[in-house]
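Below is one structure, written out as structure tokens; the observations come after it.
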Amino acid sequence: MPLVKRNIEPRHLCRGALPEGVTSELECVTNSTLAAIIRQLSSLSKHAEDIFGELFNEANNFYIRANSLQDRIDRLAVKVTQLDSTVEEVSLQDINMKKAFKSSTIQDQQVVSKNSIPNPVADIYNQSDKPPPLSILTPYRDDKKDGLKFYTDPSYFFDLWKEKMLQDTEDKRKEKRRQKEQKRVDGTTREVKKVRKARNRRQEWNMMAYDKELRPDNRLSQSVHHGASSEGSLSPDTRSHTSDVTDYSYPATPNHALQAQPATPSYTAGDAPLHGTTNQGAEHEYRPSSASARHMALNRPQQPPPPPPPQAPEGSQASTSVAPADYGMLPAQIIEYYSPSGPPPPPPPPMIPSAQTAFVSPLQMPTQPPFPASAVSTYPTPPHQPSTGLLATAPPPPGPPPPPPGPPGPSSLSSSPMHGPPVAEAKRPEPAQPPISDARSDLLAAIRMGIQLKKVQEQREQEAKREPVGNDVATILSRRIAVEYSDSDDDSEFDENDWSD
């Protein structure tokens, strides 16, 4: 059915019934025909006015466009006359700063919409019957939809077509994304390489230093190197300890309970409490060196040490005799070192001051719980060979284990400044302080928050790109064509599945 834009009334000039009682019928028909012609002329004049009005509007729009184009041409003509290529060159910066001309074509669309309806069609539309007043039922609906749209909806077909086009465009985009991911997976399938374990070169060289038949077990070597692995990993304090121990070459025991092998010689009973208390603090600050630990692990036989020097008089023994500075012995070993069944202890060797022995403070000496005499004396250890050039004293071969000594005298651990309350206070762990709020401490949180905000912002930008710019046919079709024929997948970087969590 064609849509009539302009209709001329009346359509029939001479068609009509003559009234009764007319004497001259010919004159009546002529007059009615002339009146119909006049009405048609008036209708034509009205349509002519509408047509010329539309032509005037079109001509006015054309004049505006031509005028703007003429203004641009005039400005270009002025610039061309002022530009002298022989004097001044056009800089690339000026060219890059200005955008190139791009024509924006306006496509004709929504011709039959209510806004673009011409006046004759609007008149015909107004003459038609009105729909029933179903819009008064809209406030009573739960879904808040317009009640008139269930009877007549001018945008129904457009909305249906728009939904279908957008769904097809989204399906095309997902298909391209799936193909792109499939190509990426096919291109990146390669063998996963295993990470090579780091090697400890120093430990390997230490193992190679021994003969094949004398190399220690892996477990022993790991425990030894756990206590003192290498010189490069020791602190300056530990290096000074090891230097002192190697200089005096006294028997040393590792810090492990299974490798503690004390030597238990016998001495007089009167000197046991004195020497056990005076040297208990001094022996605690030293740790066994790696060299002595290796000797303990290997259990290699050593030559017996030279006999001790002659015994000092009884009068000067109580004031001058001091236990040898065995840096690796435990308190129980020192007490057993001077048992009541042997000769009195020998005088100490000359002390060589070092960075650790010259300045000793009570707080720097860690305390160790003494082992029982019965458990310690179960594993005897042969004495080590003394270093050349230094006088070293060592106990004779081990004998039967003596009974554990009694409680020390009044000048025992309680009166020693090394084992007083300051040591317990220094041993007590300090309470954890609350973390100080600093800008640097919040750097990681700020970075994470910035990344999250950036992701959300990019997601919103991509969602804005997905939405059509205009709610019209041309924009929707252009976007679908762009998705089908484009090689890039910029609009589909962020999938809704990636943001579901």
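Cβ atoms are placed via backbone N, Cα and C, with glycine included.
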Could you tell me which of the ranges 20-56, 57-93 is annotated in Swiss-Prot as coiled coil?
57-93
Counting Cβ atoms within 10 Å of each Cβ, the densest environment among the modified residues Tyr151, Tyr485 belongs to Tyr151
Using DSSP, break the domain 'WH2' (439-456) down into helix, strand and coil residues and give each count.
14 helix, 0 strand, 4 coil
Between Tyr485 (phosphotyrosine) and Tyr151 (phosphotyrosine), the C-alpha gap once rounded to whole angstrom
40
